[in-house]
Amino acid sequence: MKKYIVALDQGTTSSRAIIFDKEQNIIGVSQKEFNQIYPREGWVEHDPMEIWATQYSVLQEVMAKCNITQENIAAIGITNQRETTIVWDKNTGVPIYNAIVWQCRRTADICDELKERDGLVDYIRENTGLVLDAYFSGTKIKWILDNVEGAREKAEKGELLFGTVDSWLVWKLTNGKVHVTDYTNASRTMIFNIKNLQWDERMLKELDIPRSMLPEVKNSSEIYGYANLGAKGGIRVPIAGIAGDQQAALFGQAAFNKGDVKNTYGTGCFLLMNTGEELVKSKSGLLTTIAIGLHGKVQYALEGSVFVGGAVIQWLRDELRIISDSSDTEYFATKVEDNGGVYVVPAFVGLGAPYWDMYARGTIVGLTRGTNRNHIIRAALESIAYQTRDVLEAMINDVGYDINCIKVDGGASRNNFLMQFQSDLVGKKVIKPIITETTALGAAYLAGLAVGYWSDKEEIAKLWFASEEFEPTISEERRNKYHKKWKKAVERSKGWALED
């Protein structure tokens, strides 16, 4: 009987289920979007029951579509939007509040208050690898406990559970029998110590979070529990792989070795570098995070995020309306020889790594009477590559060694103009894989390894093939000249929203 691996890919806007075979071919895909809830400006929520309902229905749907029963499934792997926080009642399994999404800024005030505490900012950097920010789960848990009536009392009595989305899905799939997370997701909570690989007692105390709420932290590849996908008495399918979305993509790109780098070009860009067993502290405000946890050992990674990547293309389409389809950008960008001296800095929500300026705002500089639509489209596309170079330079500076290539994935990696310009700008080879579903593939690999579907990482590495490679075509002098101009444009955007 042919066996398959199912990856559940629970993202920020949709839940997906993808079936892979042993040769990593995609046998079937199902996807359902769910509601984004915006109760106030800067607040973002999801309904945890809707997350579960959409995720379970796409799992059933893809199995039916491919005519596959649970007997055919060797294991289930889970990958998920990170940091998003769910708190539920241990006895009823009902969430006490909506999921607070990673994008939600409601806990910024809590962060400001914590910044006043003696040495806490440095302690967080040193022990969790993160920066004190509303992005991470810790302050979101505190907010729920402080603001939902009766929550703190229930938590003190051990009646509430916390989990990131992976924990919630495992809890639901196992009918409330298993409460776990993996090292990668734990490393995004701001309450997990990435040195001793334990929940951090000081952070729990600072945020007033009872230890009893927290899931057990496990490897990213092991059997956590079993899901019964059919009627009672049916075959139980092992749930055997978990990783946060960006770490799953790193694993799905077979970036197993120290110095391997991947960039996911989505709405934002996420650049991760595997630093092996070395925990590298960034001097440039990059995050130190756990890349993967296997056999009780972890590999670390440096992570830098660009807030506005592919979103700049959506802006050209939806707000400026100078393109009708995202794929048009490549056509228009190649109709001009260069950017005509125009630079777009898409600091719509400030600038992330390595600038960390929340008051920066978007700018278009270098306009002349000869500037046309094509120059602006080209400059907007180029901004994605410039921001990636900024993060990559910071990474190389932090680790003290160079890299050979960048493995790429995500929607905007389909744009060949952008990929060639990226290669030109960083002076490195840019490689696209044959399977672009790297996040789901990473979760599938982790699940498959745990049940012996694939024997080891070496076997997986042999399955990884490039579909396209882009080599630099311009001189070092020229790329540095371009970049110098970009840096000048960035300076113009900094601090713009500060009150005079």
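Each residue, glycine too, has its Cβ placed from N, Cα and C.
Model, not experiment: these values are computed from the prediction.
The ADP binding site annotation in Swiss-Prot covers T12, R16, T267, G310, G411, N415. When secondary structure is read from DSSP and collapsed to three states, T12 (ADP binding site) falls in the coil class. Its own atom aside, the Cβ of T12 (ADP binding site) has 19 Cβ atoms within 10 angstroms in the protein chains shown.
Around D245 (sn-glycerol 3-phosphate binding site), taking its Cβ as the centre, 26 other Cβ atoms fall within 10 Å, counting all chains. Marked as sn-glycerol 3-phosphate binding site by Swiss-Prot: T12, R82, E83, Y135, D245.
Per Swiss-Prot, ATP binding site is recorded for T12, T13, S14, T267, G310, Q314, G411. Long-range Cβ proximity for T267 (ADP binding site), meaning a same-chain Cβ under 8 A and a gap of 6 or more residues, is found for V308, G309, G310, A311, Q314.
Taken from Swiss-Prot, the feature glycerol binding site covers R82, E83, Y135, D245, Q246. Sequence-distant neighbours of R82 (sn-glycerol 3-phosphate binding site) (same chain, 6+ residues apart, CB-CB distance under 8 A): W102, T164, T184, N185, R188, G244, D245, Q246.
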Query raised in the report: Ranking the binding-site residues T13, Q246 by other Cβ atoms within 10 Å, which is at the bottom?
Result: T13
Report summary line: Q314 (ATP binding site), DSSP three-state class -> helix
Requested in this report: Would you mind reading off the Cα separation of E83 (sn-glycerol 3-phosphate binding site) from S14 (ATP binding site), to the nearest angstrom?
Outcome: 16
Report summary line: DSSP says D245 (sn-glycerol 3-phosphate binding site), in three-state terms, is helix
**Report entry** From binding-site residues T12, T13, R16, G411, N415, the one whose Cα lies nearest Y135 (sn-glycerol 3-phosphate binding site)
**Finding:** T12
